[in-house]
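Only one structure is covered here, and it is reproduced in the block below.
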Amino acid sequence: MAAIRKKLVIVGDGACGKTCLLIVFSKDQFPEVYVPTVFENYVADIEVDSKQVELALWDTAGQEDYDRLRPLSYPDTDVILMCFSIDSPDSLENIPEKWTPEVKHFCPNVPIILVGNKKDLRNDEHTRRELTKMKQEPVKAEEGRDMANRIGAFGYMECSAKTKDGVREVFEMATRAALQARRGKKSNKCCLL
């Protein structure tokens, strides 16, 4: 039996952990060097609820320079991973300010999983010290859940690509969302004669 194919697009601020999350999930290795992404694609197989699913993973650039290029990755998307970094409250603020309007414009009705990346840094001393200097603190789990409700996300997950904590669960939830969304969608294809 052929695998079901689904397209996942990951969005969020530059350096919030999108690429690391995709690489750890698809290749099981953590990239130690940060190289800003323009566009990358990965493929990974996952089994969810006894269904074999081939996930096409579309990585995108979070930097503003690519705001006009990014929409090219949106057509035919089945699920969106919208990411912020737990060590960057500013990246959470950009979820309703920038990412939700963009995604809802280009991908209406596509389920969104809100993902808090870099969970391992929430209790990291150095991270806490640096944020305190700016009168900030790491994003709390409740703040992430509240934001997911606010933007109407399918779900909220936290993970650490570095420790692999929660990584598989993020993609299991995303795959379930993609499978449910397809079932619920009415066909709006028309035939021109």
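Positions of Cβ are set from backbone N, Cα and C atoms, glycine also.
Noted in Swiss-Prot for the protein shown:
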- 12-19, 30-37, 59-63, 117-120, 160-162: GTP binding site (BINDING)
- Y34: (Microbial infection) O-linked (GlcNAc) tyrosine (CARBOHYD)
- C190: cysteine methyl ester (MOD_RES)
- C190: S-geranylgeranyl cysteine (LIPID)
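A map of Swiss-Prot features onto the structure.
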residue: G12; record: GTP binding site; Cβ within 10 Å: 27
residue: C16; record: GTP binding site; Cβ within 10 Å: 26
residue: F30; record: GTP binding site; Cβ within 10 Å: 14
residue: Y34; record: GTP binding site; Cβ within 10 Å: 11
residue: D59; record: GTP binding site; Cβ within 10 Å: 21
residue: Q63; record: GTP binding site; Cβ within 10 Å: 14
residue: D120; record: GTP binding site; Cβ within 10 Å: 17
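In the three-state DSSP scheme, Y34 (GTP binding site) is classed as coil. In the three-state DSSP classification, C16 (GTP binding site) falls within coil.
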